[in-house]
Amino acid sequence: MKSLSLLLAVALGLATAVSAGPAVIECWFVEDTSGKGLAKRPGALLLRQGQGEPPPRPDLDPELYLNVHDPTGFLQAAFRRYPRDAPAPHCEMSRFVPLPASANWASGLTPARNCPRALDGAWLMVSMSSPVLSLSSLLRPQPEPQQEPVLITMATVVLTVLTHTPAPRVRLGQDALLDLSFAYMPPTSEAASSLAAGPPPFGLEWRRQHLGKGHLLLAATPGLNGQMPAAQEGAVAFAAWDDDEPWGPWTGNGTFWLPRVQPFQEGTYLATIHLPYLQGQVTLELAVYKPPKVSLMPATLAWAAPGEAPPELLCLVSHFYPPGGLEVEWELRGGPGGRSQKAEGQRWLSALRHHSDGSVSLSGHLQPPPVTTEQHGARYACRIHHPSLPASGRSAEVTLEVAGLSGPSLEDSIGLFLSAFFLLGLFKALGWAAVYLSTCKDSKKKAE
């Protein structure tokens, strides 16, 4: 009975795993309408269907309602682990034309400049993005939609490029690791037989987008001879096929490592996989951060007489990044009524001070108004909010002491005791010295 229960639990677990993630991805087909700009038409990708027929979609052009066949399982695996509470990915698809890579360093991938006939026909490039992934896939649709039982077009996945870190956040000065993986299956048996056994050569390219131009950071063509551009900024890539099956499918790795990131390195990164006449590209947005430190001056106590203003309070907010998004708030805690409230007084911020590591600092100032006796023991707090901090922010506080209202504290008592002990010892030492000098004088007189 236990074994039956175990088998049932495993079966339910497998069914849950297989059914996880969206079964249909709504997508926009984008095309250029002869110089009139871009036009969009709705489409959909059917990644998985249950038993029976595909669900009908009379609202879609049958050529844009695609029943996706994924020989590598790579695309469907990405969505099986898609979180249920994550927003649906933004999806666009467009026409794709197989061409040799334009970069000189990738010319070894296509010794023959003419595209082989095995790659003739229609191609679609599908790009998806969400907070949990960035993905591009090359699909080869059938020439005509399937008529029965539902109007739908069969499409086969040939190349998929994927990252699970589309928006990495890296602390200033630490290393950035941008994951990239890909999978490829030759589109036809003819294309596979025209190549040598094993995975084909590929090219890996990482660029950072800056002012509308892509700055090449790293390029690699594993297994091919040829002069490659030097890697920039200490970048390293783990570029290799994961397996060497003779006829595919194959998966590969193109993860990118950037040491000790600085603020100038944040921005848009483009990762491109080049195969002979085929390409796939994903986009990542790298953000650099450093949480601020906060301290208050005076450090522990602020003294003031009734009716007088306490000394100016200085809130030091140091070594943070990015400069934007910082908020400095002043609070009075434990005042009249025991509640916290917004502190009154004049307040201002200093200019930013820039540090060699790219972080910045500033100081917030508060000149409190004259105090009353009811405010004795209240605490002035400086609270800061910054994108790198939790929603509650970070704070430091100083206690307000009103002169004439505070009795001796434990520290004061200890100080008085030590002072008295020191004075007692000093008096005894002086007494002994006086006795000694008096004895010496008497001895001299007797000797005379």
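FYI, residue positions are counted from 1 along the chain as it appears here.
Cβ atoms are placed via backbone N, Cα and C, with glycine included.
According to Swiss-Prot, the signal peptide annotation covers 1-20.
Look at Swiss-Prot and you will find 21-414 tagged as topological domain 'Lumenal', backed by sequence analysis.
Around CYS27 (disulfide bond), the C-beta neighbours below 8 angstroms that are at least 6 residues distant in the chain are PRO42, GLY43, ALA44, LEU45, LEU64, CYS91, GLU92, MET93, VAL126, MET128. According to Swiss-Prot, the feature disulfide bond maps to CYS27-CYS91 (among others), an assignment based on sequence analysis.
Long-range Cβ neighbours of ASN253 (N-linked glycosylation site) (same chain, at least 6 residues apart, Cβ-Cβ under 8 Å): LEU180, SER181, PHE238, ALA239, ALA240, ASP242. According to Swiss-Prot, the N-linked glycosylation site annotation covers ASN253, on the basis of sequence analysis.
The domain 'Ig-like C1-type' annotation in Swiss-Prot covers 292-399.
According to its DSSP assignment, CYS382 (disulfide bond) is in a strand. Cβ neighbours within 10 Å of CYS382 (disulfide bond), excluding its own Cβ and spanning all shown chains: 25. Taken from Swiss-Prot, the feature disulfide bond covers CYS315-CYS382 (among others).
What Swiss-Prot records for 415-435 is transmembrane segment, and it gives sequence analysis as the kind of evidence.
Among the features that Swiss-Prot reports, site 'May be involved in interaction with TAP' is placed at LYS428. Residues near LYS428 (site 'May be involved in interaction with TAP') in space but far in sequence (CB under 8 A, at least 6 apart, same chain): none are found.
Sequence annotations record features per position, and here Swiss-Prot assigns topological domain 'Cytoplasmic' to 436-448 based on sequence analysis.
Under DSSP, CYS27 (disulfide bond) is assigned to a strand (E or B) in the three-state scheme. Secondary structure of the domain 'Ig-like C1-type' (292-399) per DSSP, as helix, strand and coil residue counts: 6 helix, 54 strand, 48 coil. In the structure as shown, the Cβ atom of CYS91 (disulfide bond) sits within 10 Å of 19 other Cβ atoms. Counting every protein chain shown, the number of other Cβ atoms lying within 10 Å of the Cβ of CYS315 (disulfide bond) is 26. Restricting the average to the domain 'Ig-like C1-type' (292-399) gives a pLDDT of 89.
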